[in-house]
Amino acid sequence: MTKSSLQSRFTSSLFILPYLLSFCAFLLIPILYGVYISFHNFELLSDSHEFVGLDNYIQIFTPGTYLFEQFTVGLWNTLQFVIYSVPLLVILGLALAMLLNAIPGRIRGLFRTFYFMPYAISGSVMAVIWLMMFDTNAGFLNGLLASLHIDPVAWLTDLPWVWVSLVLTTLWWTIGFNMIIFVNALNEVPEDYYEAASIDGANAWRKFVNITLPSIRPVMLFIIITSTIASFNVYAQPFLLTRGGPGDSTRVLLMNVLDEAFKGKQVGSASAMAILMAIIIIVISAVQYKIAYGRKE
Amino acid sequence: MKKIVLLAFAVILAVLFLLPLIWMVSTSFKNDFEALAGQMNLIPVKPTLDNYIEGLKGELMNVPITRWITNSLFVGAAGTAIVLLFSSMAAFALARLQDLPLRKLMFPMFVGSMMIPGVLTFLPMYMEFNALGLINTYAALILPYSSGAFGVFLLYQFFASFPKEIEEAARIDGANKWQIYARILLPASVSIMVTLAIFTFMGIYNDFVWPLYATTSPEMRTITAGIAMMAQGSYTQAYGKLMAMTVIATLPVLIIFIIGQRSFVKAITQAGVK
């Protein structure tokens, strides 16, 4: 290799260096360090970190242990949230996108802004706004019910209302994102398809099933996967609105992971839980991807 | 007729979407007594600016709101600047510099990293900053965001489609790589950089979980982490005061969102389509 080409490669490397260092420091090393921590009895405030091998993982899989409870209860609550929220996020996201497309062009932008605006707000701000809206005595929703002579609802403390509240806030906060992606996909369906179908006498429903749905299939898959991942990572809503209650019924997995680390000071077992949670998320998105694309080929 | 029904429905939905925000603003002008009375009046009976005045004087619930908002704006701006610099340099190298070692390996690795759930890195990153004694510093609040691959991915697509002829002409004129990057590619990518900047700033500004755990003293909190603290504390029912705080917290991102909505939409659809 000549000296000048070596120098050229060195200069090229300098361009990638800052990002590569950041990538290693805040992504690659933490992942490896997390695996290391999960093999230890790692306490937050102590310097002695005893190696325990797979012990943390074994406990998570052993019924009756504290970690088993934390993990399975958290996972079950998270799964419930995924099941309640994802279908609505996808279906209503698409419905909202189709509604938006039916609005006359001149004012469409305005409505898009309205529906999308909550997405621009921080999770903590969103939660505080809804703490007020859901307040049993002073909240807007119960005030509305009272004016209709309906008894107040304990939105944030009673089952099944806690789930209704969590799903409602999630829809309000994030559905705009799905809407935007769907609008983009709907606009890319060639207009000729619909015209040809009209000539053949297809009604609106047939056009939707035979043209729209197949055309937006890849985007639909993207939305299903991103919504599932987002719902799996749910935190702000149960953490700040229901505080995991009533009892443990809305304590989601991420809450248990962070509490195990920061309240229980057990970073080792918390890391093992975090790694298992990450694996579950990755496996579920991979399976969804496989199902959707496996059928197509 | 069908059009009118649809439009009416769209208007009702818009009101539902905006209602919590309107109610937030309305409540922020009420005193705590009125805010807790559970009345449905949108216009406060006794409108007051006290919540804002106290807030800006740092007397609102004894928390330094002005410090929090300053922290948020500083962390957001610094984080965004670093992301723009690092991502544009990396994307330039990956898209344009054929002799970059391990080029074919790095790009898929970066793109693939976007699939990694945050829960995997959260605790070890905390332990890393803790070991370095950097918890409760601006470094901890800013640096982690620079590892995101979205910017590299977005700019790579733009740089890769940039016409080769212009770059070659510059090279014949004796321009080196730094000059091509700084004087040709960067000026041509202002619009996509603005898109990335808006997207990144909003992401950093709105994140509250990492700053909540990565800070320990009140004066280091960002506004979103501070609000999360308040929501857990004993002030949860001081709605007038809380809403003044959330209005202050929301104003910067909402202004950026409304002005830069077009760019923001472009960023997420770019990510969505690929």
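Including glycine, each Cβ sits where the backbone N, Cα and C put it.
Among the features that TrEMBL reports, domain 'ABC transmembrane type-1' is placed at A:75-288.
Feature annotation from TrEMBL assigns transmembrane segment to A:12-36 (among others).
Residues annotated as transmembrane segment in TrEMBL: A:81-102 (among others).
Tertiary proximity for the transmembrane segment (A:114-134) is limited to same-chain residues at least six positions away from its ends with a CB under 8 Å from its CB atoms, namely 96, 100, 140-141, 155-156, 165, 169, 172-177, 179-180, 235-237, 239-241. If you look up TrEMBL, you'll see A:114-134 (among others) marked as transmembrane segment.
TrEMBL lists A:161-183 (among others) with the feature transmembrane segment.
Residues or ranges marked as transmembrane segment by TrEMBL: A:216-236 (among others).
Outside the transmembrane segment (A:267-287) by six or more residues, the chain places 34-35, 37-44, 49, 52, 56-57, 59-60, 67, 70-71, 74-75, 225, 228-229, 232-233, 253-254, 256-258, 260-261 with a CB less than 8 A from a CB of the stretch. Per TrEMBL, transmembrane segment is recorded for A:267-287 (among others).
If you look at the transmembrane segment (A:216-236), the same-chain residues 6 or more away from its ends with a CB under 8 A from one of its CBs are 78, 81-82, 85-86, 89-90, 93-94, 123-124, 126-127, 166, 170, 174, 178, 181-182, 184-186, 189, 252-255, 258, 277, 280-281, 284-285, 288-289, 292-293, 296.
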